[in-house]
């Protein structure tokens, strides 16, 4: 069943109370003023899509919403996710996208009876005028009104506690549990990065193009270095797709997609480079999407306890946010990287998971000074286009993704030389790893080298962009 049909079917089965709950739990992403026009679940889904909180390749927020409002039937039927899976997922720190504060308020609203709701309104008359507390207001509406008046917030729970104590002391336990959780979380986040062995920090996804101020705020977590002593350091998968005859035959929109001539040069460069850096190379050529998932599943289930790192390189065609298998089927990049979260691959928890992706993803040019492209008209260079704000890696520590290009811009492949990105990456790794440079320093140099190349025919340029949630410096010793 396709993505839109799934959302439609889910929306049709959510009543007005469900919608009110979903809107409340989404307040940190869609402000109350912008929620006012939302009259049904489909409109809410549309707003979430606009905020990039709901995508075909990333249903985690929708799953969490349905789990929180206890619509487990929809979770199982349409999203193929069981309650136990969600419980395990949300127990991993940093994975929950709905704040503990908002979940706490929602839990209170679920425990308050109609008579207690009337008492709630009566006891708040000093803080909120009676005309605002009309008969139709539910407790979630009251919480929103309290937040507007700044008498309720993550650090403002006194009035709520006073009212709950008068109405039903069991409600206080929900608040106390939240406060205890907040204290534990605060104290744990003040600890050393070494205290987290399985990606358990609350971490944001960063890119090298983030502002200096944002990077400075994270710099302390990079002061230490990931352990890199095992030999081999880890597995290095190289999924190298060249022959797209199946795609041309089976997928009408890809009838003119070209074979990726020259990709063997990239695969060879990656093999030589990472062998020198003591990785065990695992090559896989001309893989369908199903085969790619099967390969990743094999390495997800492997025991990496004696390894210090994992690398996966994918060389293929693609489109916005996805890569193509040789059969023309699509694999969302986020789904590929997410195969190696701490929950799915515990033996890699706390260890760096590195992905390098060279994939043709469109036909737009980044304007600059004027090489040719491996599109239908040009036989030489491949064009990569990424979707704006597309999510590529999990919101979990220890991931790094090197994409060949920034959003909405092409990348280039020369059949006689390989791609600008992979060739520059391998050259920089071979030159700078023996000096002890860390991977972000190296990728910054790759950005510089690639950005100085010109596509003179199309006036195009290319700028790679890494995205990462690394907690420490990542160095690949050559000795």
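Every residue, even glycine, has its Cβ placed from backbone N, Cα and C.
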Looking at Swiss-Prot, which of 178, 334, 412, 448 is flagged as phosphotyrosine?
334
Here are some recorded positions: 224, 317. Which one has the most Cβ atoms within 10 Å of its Cβ?
317
Whole-number Å only: compute the distance from the Cα of residue 224 (N6-acetyllysine) to the Cα of residue 317 (active site).
36
Kindly assign residue 224 (N6-acetyllysine) to one of the three DSSP-derived states: helix, strand or coil.
coil
